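Swiss-Prot lists 4-235 with the feature domain 'ABC transporter'. Taken from Swiss-Prot, the feature ATP binding site applies to G37, P38, S39, G40, C41, G42, K43, S44.
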Amino acid sequence: MAQVELKQVRKTYPNGAEAIFGVDMKIDDGELIVFVGPSGCGKSTLLRMVAGLESISSGEILIGDRVINDVSPSERDVAMVFQNYALYPHMSVRGNMSYGLKNRKMDKEEIERRITDAATMLKIDQFLDRQPNQLSGGQRQRVAMGRAIVRHPQVFLFDEPLSNLDAKLRVQMRIEIKKLQRRMNVTSIYVTHDQTEAMTLADRLAVINEGQIEQMGAPMELYSNPATLFVASFIGAPQINLIPVAFDGSAIVNGDLRIGGFSDLPMGVDLKLGVRPDVMTIDPEGQVMMNVDIVEQHGGENLIYGTIDGVFSGEGEPQEVCLKGSQTLLPNPDDKLRLRFDPDAAFIFRTDTGERLK
């Protein structure tokens, strides 16, 4: 196991396009950190740079005390698990798991011991003599993980390993990955665009946007204390409600919405009020009236979508919002609900820079 450190790491392509902009990051020994962000943000590029599959334009990457910029992928002592499993179709499960170890000329007894240990841990020991095409998607992903485990690497790298699985299996596999990582205590980097997956797996999240780290921290820290508009809108399901507002010197306003108690916000600047669906409540004395459009029933909770009377989006349409309620809160479409939210639980951002002001 080892610490991983990135120092001012950049990636510039020959045409001058920059993919990664001076990333600084330290990943502690035994930590599971998740790179999360939208497609094309640079998260997989950053992972591939750690793996040695993508060159570094400038900066340094260290595993332990060793700078690995010019070290070949096979010598970095990392193991990677891919989205598409990358199994050899003509080999058995045992053959896939042992292939890399045989190439290293490892002792046969040691190879068999490692395969047996990993297969037992992953509950695939009964499949060792099967071919990949005889396995389910989840079983194949376990084999891919087993192939990484038997190497006893210093660092695990996961590149969207659950993307090809159905929803139920994704939940099951992410629990297994978390349990496995805790048991082995191996430094791990996990890439995903699925923020629910990121929140449930990570010791810490690195939210990446356009090749830069917007914010790093524990999952609930980023949910409760987002540094930017991007982080607030990306982290959290359902998504945060964002309402355009302006500051008139004493209150933030949008049509019939007026919330006082502010004195230090800029005037003449477009602002966004961010309110999480779980901090909105029904109250006859609430600040706004919601017209119910759709109710999604999720078993233990309901998500209620609608628009707010007299409050408008940036396009001039009625502002859409989402309210998270208990399973007993089940209004009908076209019902009206008066809503209250605690201003102290809301956020205010500059629209132009994304900076959080409150």
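From the backbone N, Cα and C atoms, a Cβ is placed for every residue, glycine too.
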Task: Close in space, distant in sequence - K43 (ATP binding site), Cβ under 8 Å, 6 or more apart - done: F35, V36, G37, V191, H193, I208
- [ ] Using the recorded ATP site (G37, P38, S39, G40, C41, G42, K43, S44) as reference, state which further residues of the same chain have their Cβ within 8 Å of the centre of those residues' Cβ atoms, listed in sequence order.
- [x] T45, H193, I208
Task: Sparsest-packed of the listed binding-site residues (G37, P38, G42) - C-beta count within 10 angstroms - done: P38
Open item on the list: Within its own chain, what residues at least 6 apart in sequence put their Cβ under 8 Å from the Cβ of S44 (ATP binding site), listed in sequence order?
Closed with: D159, E160, V191
Task: For the binding-site residues G40, C41, the one whose C-beta sees the most other C-beta atoms within 10 angstroms - done: C41
Open item on the list: So if I draw a 10 Å sphere around the Cβ of S39 (ATP binding site), how many other Cβ atoms end up inside it?
Closed with: 7
Open item on the list: Suppose you look only at the domain 'ABC transporter' (4-235); what would the mean pLDDT be?
Closed with: 92
